[in-house]
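Below is one structure, written out as structure tokens; comments come after it.
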Amino acid sequence: DLYHRMLWAGVRPDVYTFPCVLRTCGGVPDLRMGREVHAHVLRFGFGVEVDVLNALVTMYAKCGDVGAARKVFDGMALTDCISWNAMIAGHFENHEHEAGLELFLNMLENEVQPNLMTITSVTVASGLLSDLEFAKEMHALAVKRGFATDVAFCNSLIQMYTSLGRMGEACTIFSRMETRDAMSWTAMISGYEKNGFPDKALEMYALMEVNNVSPDDVTVASALAACASLGRVDVGIKLHEIATSKGFIRYIVVANALLEMYAKSKHIDKAIEVFKYMPEKDVISWSSMIAGFCFNHKCFEALFCFRHMLADVKPNSVTFIAALAACAATGSLRYGKEIHAHVLRRGLASEGYVPNALLDLYVKCGQTGYAWAQFSAHGEKDVVSWNIMLAGFVAHGHGDIALSFFDEMLETGEHPDEVTFVALLCGCSRAGMVSQGWELFHRMTEEYSIVPNLKHYACMVDLLSRVGRLTEAYDFINRMPITPDAAVWGALLNGCRIHRHTELGELAAKFVLELEPNDAGYHVLLSDLYADAGKWAEVARVRKTMREKGLEQDYGCSWVEVKGDIHAFLTDDESHPQMKEISAVLHSIYERMKASGFDPVESYSLEDKEVSKDDVLCGHSERLAVAFGLINTTPGTSIFVTKNQYTCHSCHGILRMISKIVRREITVRDTKEFHHFRDGSCSCGGSG
């Protein structure tokens, strides 16, 4: 503004005016104004002044127009070290690292002596090229020229080695520094965090505090990222206080780190509060918030946030991945297709994890045709792509197809990982394929050197227990080289319930309830074990324990997508505006079932109280969702319902009968598997 006033006053700018004004244009940045000042430079005859031209190079580079900067640089009749530094740094700042290093080599060939700023800038950039030999050459050159003891250069060396993943060399340089500033500590903290050592990052931050070094905004952001990885919300809260007191909270990098820390630490309300008061939000802010909602099982809120984001900020691949994950979790097929269209328009369909996120969406929404098309179209398939398809086959009850698909995966040369074998063993368990399960379990360790984890052991126990080989399953648990968790004992308990082995079931329950005393599911399994054995006094004892612990209020939720909108139904919730019509439809269906000899209500008396055997784990909310779908869709339309709990025996039978009565395909995705109901039968093979 003052520069314009100067021109209006008729005062002629000189060689000292333009560098100052151009630096300001680069700092804003304001490319339009910078070009206008460039025109003034030429008009007033300063187009050959080295200081002015150096400022022009810097301005264009800072404004992102590195081509214009290089044009100015190449046209200079006379250059100095500052000219070369400005252009080299300009390439680096615009992520043209190879061009910057090439220009540095030209500088040496032209016998222009690099100074500390040159060496520092090139050292940091060389770490980003993943070329260790060149990085070491830069280190040697700096030592030769006498820069090895300079704090700024040592900081650049630390950044270089941490970028290359060489934390040992970085730590050696740090420990030998006679003088350290805040940037030295920050470089180490950031290096540890980015290289997968968040615990070391927090240790370094604690040492920084002990040495009374004041952190800057980058320090706080790096430490917060480490807290997010470790779930250290206690340290994160202290860092939040520091950021607030020092004014760092206004920096977007710190606010974004706070968002991620609170979201990953399951304090989503705190994350919302930080997000709400951010003065400006970038794509990282929105993406962190959407991913945070998903991580905290608030997928509807994630999709609501994504819709709001579209009005202000263009999403990137990370945003799309989080939004697609929310669609997959809620079964929002129509909205997922809309996001797929956004992805295609932005040209991001093959970027990073996006292809796998799309594949996961179609698999979890039961769209096997779309899933297969997406899988076939994805050229660069990785092990995750194959695992998603394998898990999909298993969830749909196609264990035999999963095994064939696994053979195809091996033929392509793809190496399976531990997730692959979890899916395969789960498929063998549900299909009762014991010999195939044992073969896979041994191949996992012998052929692929994968050490079995608790999930693999739980799958094997479940496989043996489901087919009635309970003693063998128990012996298998006792031979495990690692301590079994609740899921392992729970698999045995479930097998004992299926085959009515009360004594061994009680033993399994003893272990599982010691590990997970407040899990309603395991209490219900034990209750059902006693109920099937006619031990009503024991059933009463378990139910009393559940009531005392408040474990009978774990309400189920089901949701169905109709005309692009998601409608959710909670157990015993009658707030939906169409509840009267829903109840009327269900009542009519129940009457028709009774007329055909099928009783839709199964309960037993316990302590003068009618208690549904499956109310605790099921809640029957899927019946409401299916009835709503029947009312609001045209006859013959298939209905897809997603549920946050398992589908009980009673609901399974009712939905099977509904599919026969209304002649519709009904798909329910619960926490265990897909149930495709059609003409009175289900894909899982259950009779209901």
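Our numbering is plain: 1 for the first residue shown, then up by one each step along the chain.
For all residues, glycine too, the Cβ spot is worked out from N, Cα and C.
Over in TrEMBL, the protein carries these features:
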REPEAT    80-114  repeat 'PPR'
REPEAT    150-180  repeat 'PPR'
REPEAT    181-215  repeat 'PPR'
REPEAT    251-285  repeat 'PPR'
REPEAT    382-416  repeat 'PPR'
REPEAT    417-447  repeat 'PPR'
DOMAIN    605-686  domain 'DYW'
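With a cut-off of 8 Å between Cβ atoms, the residues of this chain six or more beyond the repeat 'PPR' (181-215) that come close are 151-152, 154-155, 158-159, 161-162, 165, 167, 170-171, 174, 222-223, 225-227, 229-230, 232, 235, 242, 246. Helix first, then strand, then coil: DSSP counts for the repeat 'PPR' (150-180) stand at 23 helix, 0 strand, 8 coil. Across the repeat 'PPR' (417-447), mean pLDDT in this model comes to 94. Broken down with DSSP, the repeat 'PPR' (382-416) shows 26 helix, 0 strand, 9 coil. Here the repeat 'PPR' (181-215) is broken down by DSSP into helix, strand and coil counts: 26 helix, 0 strand, 9 coil.
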